[in-house]
Amino acid sequence: RTATYFFIFLNLSLAVFEEPAVYPLPFLVTSLAEVLCLLVFLGRLMHFAKVTLRDVFWKDTKNICIMVAILLSLTDLAIYGVLRIYNVKSIRWSRVVRPIFLINFAESRQIRRAFRSIRNTLPEITYVFLLFMFSILMFSLMALKLFGERNLLTAEGLPYFKNYLEIVFDLYVLVTTANSPDVMMPAFDFSSWYTLFFIAFVIVNTYIFMSLFLAVVYNNYKKHLKVMFGG
């Protein structure tokens, strides 16, 4: 079990050293490390197949997922290596399948339970999320109508709230207050009354919707976790 966790951790940590990387290492080093991890995963799977009935083994979706992930990783690694030889720039798209090894091995039962609870929770929070996005879209439309025709400029000299999609993104970021108060300063300089729009947006979306969203996620996750553990 310790060895399995070690190679899973090693496989996931390769993203730190592969291009684009925080601490880049030569491609040969990272590719050999990944091949070693995949061989260990394959050996672990073959060992499990020998001690399990054939019908049981092939009906277990966890084993199928691991085999598919290994095949995709090896295929992507081979394609990336060939393209690299011919100096063709490409990306490692198989990185997204690496968490599959963490979830689907038999040793990761607790992680799998948590993941299953999250998966069961998602459909039940969809309505709250859609309502939240609808609120942002409506506020964005209001912002376009309020500020789009005022010919306002940002501090960088760019048009302020002229493009609807950019408004949606700016207001989405405002939910986190990461761009506050910068996002409202051009409107504030034009008229201080326009701050009421942003205050209303923050109250509705940051304080009400985010609290509601968190409560729904927590309650549903706790409910599914209790059902799973028979509580």
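Start at 1 and count along the chain as shown; that gives each residue its number.
For all residues, glycine too, the Cβ spot is worked out from N, Cα and C.
The domain 'Ion transport' annotation in TrEMBL covers 5-223.
Residues or ranges marked as transmembrane segment by TrEMBL: 25-43 (among others).
Positions annotated as transmembrane segment by TrEMBL: 64-86 (among others). Same-chain residues lying 6+ beyond the ends of the transmembrane segment (64-86) with a Cβ under 8 Å from its Cβ atoms: 27, 31, 34-35, 38, 41-42, 45, 58, 92-94, 97-98, 100-101, 104-105.
For 125-144 (among others), the entry in TrEMBL reads transmembrane segment.
Long-range contacts of the transmembrane segment (193-218) within its own chain (CB-CB distance under 8 A, at least 6 residues past either end) are made by residues 121, 124-125, 128-129, 131-132, 135-136, 139, 142-143, 146-147, 171, 174-177, 180-181, 183-184, 187. The transmembrane segment annotation in TrEMBL covers 193-218 (among others).
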